[in-house]
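Student: Under the heading substrate binding site, Swiss-Prot lists D8, K30, 58-67, T117, R177, Q186, 206-207, citing sequence analysis as support. Feature annotation from Swiss-Prot assigns active site, proton donor to K60; the stated evidence is sequence analysis.
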Amino acid sequence: MKLCVAFDVASYDECINLAKELKGLDLWVKIGLRSYLRDGVKLLEAIKKVDNFKIFLDLKLYDIPNTMADACEELAKLDVNMFNIHASAGKSAMCMIMERLNALSKRPLVLAVSALTSFDEQEFFSVYKQDIKQAVKDFSKISYESGLDGMVCSVYESLLIKENTSANFITLTPGIRPFKENSDDQKRVADIQCAKDNLSDFIVVGRPIYKAKEPRRICENILEHLK
């Protein structure tokens, strides 16, 4: 299981300072919509210069198939190791994306977002008209059949996805509160042991790290628990 640190901070300088603080640690960096809209490609390049961190670009692309495929080809030109799209875009979009990316000599990992961890069961049903478990099964099936590399999901759907697809189908799980910290705006959260039990491949941790007085010490503690 790998640690992915969410750099969801308020400025470019804070991102770079956090990267410097974590230099040398075996982890991935997640750059989300806020940071990418604010700082763009220069942030990705600057983080790579601090240390050759692997980068997960968390933009959750969602559009018509051709537009998504074009965008994903552009993303593949960036120095990122993984990005995500919404499974709700459907199988046609996912197949087109993977056909384009697989024609390249090198491509990033591509994950599909199932149900945002900010959803509880009631709110999810009001949008999708089915329960989370069934939707995740459906989304994971079409994502796997389309050739994607894995899913973004809550810890509580990780095992379900692997059982429905393959043990090698990646699950990346946000909403991790390593030592049972406050869940903030996340609804379906879990700790490290729960992530281990549910065979998560990546855990995403943000606020418990970047809001800490000693982010490096927190990361080292998490990495020790992942062994």
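Cβ from N, Cα, C; glycine included.
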Student: Tell me the Cα distance separating K60 (active site, proton donor) from G206 (substrate binding site), rounded to the nearest angstrom.
Tutor: 17
Student: Compile a sequence-ordered list of residues in the same chain as L59 (substrate binding site), six or more apart from it, whose Cβ lies below 8 A from its Cβ; state 'none' when nothing qualifies.
Tutor: G32, L33, Y36, L75, F83, N84
Student: Ranked by the number of other Cβ atoms within 10 Å of their own Cβ, which of the binding-site residues P65, G206 ranks first?
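Tutor: By the 10 Å Cβ neighbour count, G206 comes out on top.
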Student: Based on DSSP, name the secondary structure state of L59 (substrate binding site): helix, strand or coil.
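Tutor: DSSP assigns L59 (substrate binding site) to strand.
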Student: With an 8 Å cut-off on Cβ-Cβ distance and a minimum sequence separation of at least 6, pull the same-chain contacts of K60 (active site, proton donor), or say none.
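Tutor: In sequence order, L33, N84, I85, H86, V113 meet the Cβ cut-off.
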